[in-house]
C-alpha cells in the first residue's frame, strides 16, 4: 500500500517540473487550480491534501482533453454518490485502490468509467519493513535521479532540471454536500503487487482473502502519463493496461523520525546508516542537521549504481546516460537551503 508520501517542491517549481507537450506539440506548463491551498510537505498522509494532474476538460467541457491542470485535492476518495452530510463519516478506507478490484468496487468503478483519472505527484513515498525485533524500518522510494538534476537550479521558464517527480496513477471524484456548499475533490492512489526490487520491504504474511501487500502503480514517462490523463482519447479499457508494477525505482532507509506525521523537515527523506544509533529531534539545530546530512552520505546499504535501471523521459525530459545514486537526494536538498553534505574521501 501507499500510506505516506513527500512532495516538497514549491508551487511554481512543481508547475515547471510538470511541463509537457500538448496535442499540437507545443511546450506547456499546467495551470494551477486553487494554488493557494497547496502546502509542500516531506510527510503527507491520508486525509491531508496533495497535488495531482488531471485533464483540463474535467473542469471545462470545451477544453482540449490533452491540456493539463494542477489541483490540490484531499487524499482519500469520497464517492460522488455518498449521501452523508460529512465526508468523514465514510466508513471504509479509500486512500488506496487495489488494481484488481478497481472496476468492481462501487467506490471507484463509477469514477473510473467516467474517465476521472489523475496523476498523483510526489518526491517519493515511504514504506515500512517489519523487523525481527518487532519494530519497523522505514524506507523512502523514488525514481532514479540524474546528476544533472542536482548540479543546478534553472530559473524562469527554462526546462526543469531539478528533482524528477514520482508520478502515480490515481482516480479522483467530486463530492457535493447534500445541503449544498463547496465541492470536495478527493483522490485515491491505485496499487499493484510489489515489484521485485522492493518486495523485501513489502513482504508480509498473506492474510486470508487479503492478497499480497502492494505498491503504487507508477506511470513511467510522458506517454504513459498522456494516455492515463487523456480520457477523451484513451478509453478506460486501454488506460488500465498501464497499471502494472515497475522496476524503475530506487530506495534508501530513513530515520523513524518520519513515523510521526507531525514531523515535516528534510530529515524525513535523509538516508541513514542501518544499525547506527539515531538521535533525532523534531526541531534540530544546525549542528544536528549537518550531522544527519553527513551520515546520509556514508555507508548505507543501497542499490549499486550499475544496478540502477535506465529510465525513460518524464514529461519532456530527455533520457540521460549519466550515473545516478540514492545519495543525490541529499545534494538536491542541500540546494534548497540546507547545509551541503560532505563529500566522500577518496
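Each Cβ is built from the backbone N, Cα and C atoms, and glycine gets one as well.
Because TrEMBL annotations are produced automatically, they should be read as predictions rather than curated entries.
Taken from TrEMBL, the feature compositional bias 'Basic and acidic residues' applies to 25-37. Look at TrEMBL and you will find 25-52, 296-346 tagged as region 'Disordered'. According to TrEMBL, the compositional bias 'Polar residues' annotation covers 38-50, 311-330.
Within the chain, the region 'Disordered' (25-52) has long-range Cβ neighbours (under 8 A, six or more residues past its boundaries) at 3-11, 14-16, 18-19, 59, 67-76, 93, 95, 118-123, 157, 170, 172, 187, 258, 261-269, 316. Residue counts for the compositional bias 'Polar residues' (38-50) under DSSP (helix as H, G, I; strand as E, B; rest coil) come to 0 helix, 6 strand, 7 coil. Look at the compositional bias 'Basic and acidic residues' (25-37): DSSP puts its residues at 3 helix, 5 strand, 5 coil.
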